[in-house]
Amino acid sequence: MDIIFKGEHLLPGQLGQFFVVLAFGAALFSFICYFFATQETAPKSDNSWLRLGRIGYWLNTVAIVGMGVCLFYILYNHYFEYHYAWSYTSRELPVYYLISGFWNGQEGGFLLWMFWEAVLGNILIWRAKSWEKPVMTTLALSQVVLGTMILGLQIGSAHIGSSPFMLLRNSGIEGPIFQNANYLDFIKDGKGMNPSLQNYWMIIHPPTLFLGSASLVVPFAFAVAGLWKRRYKEWVQPAIPYALFSCMVLGTGVIMGSFWAYESLNFGGFWAWDPVENASIFPWLILVAAVHVLIVYKNTGHSYFTATFLTLVAFVLVWYSSFLARSGVLGESSVHAFTDLGLFWQLVIGILIFLAITAYLLISRFKEMPITKKDEETYSREFWMFVGAIFLGLSCFHLIVVTSVPVWNLMFGTKFAPPTDPVKHYNVIQASFAVVIALLSGFTQFLKYKKTDVTRFFITTLIYLVFAALITGLAVYATGFYKLHFVFIIVMLCSIYTIVSNGKILADSFKGKYKLAGSAVAHIGFGLLLVGALISAGTQKVVSENLTGEQYSVEFAKDENPKENILLYKNEPLKMGEYMVTFKGDTIEGASHFFNIDYQRIKEGKVTESFTLRPNVIQAQGGMSSTPDTKHYLFHDLYTHITMTNVISTAPQAEEASHGEEGDDKNYDAPVAHEIAIGDTMTYRDGIIVLKGLNKNVKLQNIPLTDKDIAVGAQLEVITHGKTYQSEPVYMIKGRAVFDFGKKIEDAGLKLRFTKIIPGQTVADGKVEITVYQQPESKKKFIVMKAIEFPYINFLWAGTIIMIVGFFMSILRRNKEVKTV
Amino acid sequence: MKKSSIIGIVVIAIAIAVIISTYSNTSTYGSFNDAKATKSELHVVGQLNKTKELFYDATKDANYFSFYMKDNKGEECKVIYSGTKPQDFERSEQIVLTGKMKGNEFHASKILTKCPSKYTDEKLKVTEVSARKSANL
C-alpha cells in the first residue's frame, strides 16, 4: 500500500524534473537538426534544419534556466523533502550561502556547466555565421552528454544520471521514518553545508571555474568543424580569441580556488599538489600550449597538426579531470574528491565520446591536412614558441601520469601508491619544466617573426640575462632563498629573465609596437606569478615553533620533524618568534567560533605593533573545520590557524553543570590552604595573591543577617601574567552554622575560599585561612595553534592579475583580426 | 636531420624520463611487516584499534599523538604522529598512513582518515593531515 505523505511540496520538484527531461530532449533534438543542417549539400536549402536546431538550443537554454529557478526555489524555501536541500543546506544558512549551496553538490556543478554552455551557445548562434552549423552541432552534443548526467532515470538496478530534484525518501537512505506519512515533521533541518565551503570565495570560485571549463568546448568545436567541413585553414583565426578567453577564465578560476584554499582552508598554503587541484590545470596547460601553436600556424603555416591536436585534446582533458574529481577514483589519494554518485561509467563514456571524435577526425583527415614539408627557421619566434608549447605539454603529461596513479592501478590491476612526498616530487620535476618554459618566454620575445638578425639577437639576450642574473642574485640573497635546491634558483633566474625581457617588449610597445603589448603583459604576469610562488613556498617559515614541548623519547627528539604547534592558555602570553601572543577569548557568531588572538611585536621593551587575529572553527555536519586568519603586509603574510582546542567540545556539555559543589571541586587540583594576615602575600603556580583587607560589612543577597551573625569578606588581589583581578570570598557564621562562599575567577582558572578565621592576641594579629583551588593545566581553556609566515606572496596574486590583464589585451587584439564570414 | 625529428626525439626522451622518475618515486602500499623490512617511507592502510589508548594531551606536548593501528593483514603497531590529533579521528573507519618504522614504532608523516558520514553510510568523508605541511622545496 502506498503511503500518502503529508506536507511535501512536490510541484517545484516535478517542474524541475520536467525541465531536466526537456533540456535533455531539446539538446538531442538540436544536435540532430544541426547535424543534418551541416551535412546538407543542396545549394539552395530553406535552412529549415538550421532553424529547428536553433529552436532546440533555445528550448534547452530555457529548460536549464527553469531547472535553476526550481532548484533555487527549493533551497530558498528549505524544502527538506528534497535530498539536495537536505544534504547541503540548513535553516540558519544565510541567503548568500544558499547560492553556494546551489553548486555544493555534483548535480549543481553539472547544472552550472550546462548553463554556461547554453550562454556560450547562444553567443555563437548570434556571432558564428557560417560556422554556426558545425560548431553548434558539437555544442549541442556536449549539452546532450551533460544532460544525461542529471537525468536521474532508474532502469532496473542501474541509473542514468543523478537528478538534483530527487526526494529524500527516494534517495536510498533507509529509515523507518519514511514509513510515517508525516515524516517531514521529524525533519526539522537539513544537514547544513560543509563548514569549509562556508566562505565567500565559494560563491564566485565555482562559477568562474565552470565558465572556464565550459568555454573550452568552443575552440574544440571550431577545430572539429574545420576538420569535418574540410575548412582546414579557416577555423584557426576565429578560434584564437575564444581559446584566449578560456585560458583567461580558467586560469582565474584555478587561482581563485588556490586563494580560497589559502584564505580559508588549513592546508597551510596556496597549492598542495592535490590530485583534484592538478586535474583542474591539465586543460589549462594544454590550452595555453594550443594558443601558442595556433598563433604559430596562423603566422607561418607550420605546425598545423600540433595546433589541432592540442586544441582537441584540451577539451578531452576537461572531461578527464571531471572524471577524476567526480568518479571517486581518487578516494585514497585526494582530500577533496567527490564520492561516486554512481556516474563512474557515464563519465568514462563522456570521455570516450569526445576522445573518439578527436581520434576519428585526426586520423581520417590526416592526409588532407595542410602540413608543410619545409623546415622551420631556427632563429624565428615561431620555432621557439612551438618548443615552449611542447614543454607545456610535457609538464602537463607529467602531472597526468602521476595524478592518475589510482587510474593506472584500476586499469592494470597494479598496486602503486602515490609518491610518499608528493610535494617534493612535483616541485622538483615541475620546476625543471618551468625553467625551460620561463627561459623560452623570455628570449623568444627578442626574436622576430620568421627571421632575425642573429648577432643582434645574441647580444640583447645576453645583456638581459646578465641583468636578470644580477636581480636574481640580490633577491636570492635578500630572501634567504639560496638555501634551497639549485633547480629553484635557476627557475627564479629564468622567471626574472622573463619579467625583464618582456618588460623591454612592453616598453617598446609604448613606442608604437602596441600589438605585442598583450603578450608582453601576460608573460610578465606569468613570470611574477612564478617568482611569488617560489619565494613564498620556498621560504615560508613556521613561526609557531614549539620549544617547550616535553620530549617523549630520544628517538622522537632526534627526528627532524619540526614541532609546529604551540599551546596557548587563555590570558597567558607566550613568546612566539618576534611576537608576544595571547589567547584572549572566544566569541560565537552563528556557526563560527572565533578565537581572538592578540599579537604584539616588542622591540627593546616597547610595543611597536599590535593587532588581533581571529581564526575560527566552524562546526557543521558533525565535524569541525578550522579557518585561518591572516595578517596581510605588503611583503609578507602572517597566517594563523587553530589545530586543536578544549574550548569547543563535541561531547554534550550539560553534564558538567549538574554536578554541583562536590563535582565542581573535581575540576581543580587538590586545594592548598594558606594562613595569612592582612598585607601578606601567598604564591601559587601562575602568580601571587595578596590579602588587602577584611571587609566586615558584607551584604549577601537573599540572606538577611542579624546582629549575632558574622559575615566577613576577604579582599584579595590576584596578580597573574601581568593582570590584576579582585575577588572577595566570604566567611559567615549564622546561628551556629559556618558557611563560606567561594569566589571563582574564571579567567585566571582560580577558585578562592575563605575557610577559617584564626583569632590572634590582638586584632591586628589575627589570621585567616584562604583555600586556593587552581585548575589543572588541562582544565584551563587553551588552544593549540600554528602560525606560518609567507613572504612575498603578494607577487603571486599580483602576477595572476597582470597575466589575466595580458590575456584580456590579447583577446581584444586577436578579436580585431577575425573576419568571420 | 630535420629539426622536427630532433624535437620528436627530445620529446620522447623526456617522456620516458618522466615515466621512469614517476615509477621510481611511487611508493607501495604495504603492511607493518613490510615497513620493518625497509628503510624507505611507505603507505600502510588499516583500521584504528579503538580498544587501545589514543594518546594526545596538548598540555604535555601539542605535537605528539600516538595510537594503535591494525593493518590489513591484522598486525598491530603503535603509531606516532608529530602533530595534533586529526578531527573526528575516533570515528575513522579506515586510515592510510605514510611514514616509516623506527624501532618498534611507526612514525607517520601523514595521516589520511576516512569517516563514515553521520547520516549515510554510502557517503564517505575524507580528510588528510600532514605533519610537515609546510612544503619543503
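Each Cβ is built from the backbone N, Cα and C atoms, and glycine gets one as well.
Just so you know, TrEMBL annotations are computer predictions that nobody has curated.
Some features that TrEMBL has for this protein:
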- A:15-37: transmembrane segment (TRANSMEM)
- A:57-76: transmembrane segment (TRANSMEM)
- A:110-128: transmembrane segment (TRANSMEM)
- A:126-327: domain 'Cytochrome c assembly protein' (DOMAIN)
- A:140-160: transmembrane segment (TRANSMEM)
- A:209-228: transmembrane segment (TRANSMEM)
- A:240-261: transmembrane segment (TRANSMEM)
- A:343-363: transmembrane segment (TRANSMEM)
- A:383-408: transmembrane segment (TRANSMEM)
- A:428-447: transmembrane segment (TRANSMEM)
- A:454-478: transmembrane segment (TRANSMEM)
- A:514-535: transmembrane segment (TRANSMEM)
- A:792-812: transmembrane segment (TRANSMEM)
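With a cut-off of 8 Å on Cβ pairs spaced 6 or more residues apart, the transmembrane segment (A:15-37) and the transmembrane segment (A:428-447) reach fewer than 3 such pairs and are scored as not touching. For the transmembrane segment (A:209-228), the residues of the chain that approach it from at least six positions outside its boundaries are 38, 103, 109, 112-113, 116-117, 120, 124, 131, 134-139, 142, 234-236, 238-239, 242-243, 245-246, 249-254, 256-257, 280, 283-284, 287, 290, 308, 311-312, 314-315, 318, 321-322, 354, 357, 361-362, 365, judged by C-beta separation under 8 angstroms. Predicted-model confidence for the domain 'Cytochrome c assembly protein' (A:126-327) is 88, expressed as mean pLDDT. Count of Cβ pairs under 8 Å against the transmembrane segment (A:343-363): among A:140-160, A:240-261, A:428-447, A:514-535, A:792-812, the largest is for A:140-160.
Counting residues 6+ beyond its ends, the transmembrane segment (A:514-535) has Cβ neighbours under 8 Å at 270-271, 434, 438, 441-442, 445, 475, 479, 481, 488, 491-492, 495-499, 502-503, 505-506, 508, 791-813 in the same chain. Looking at A:57-76, A:240-261, A:383-408, A:428-447, A:792-812, the range that has the most CB pairs within less than 8 A of the transmembrane segment (A:110-128) turns out to be A:57-76.
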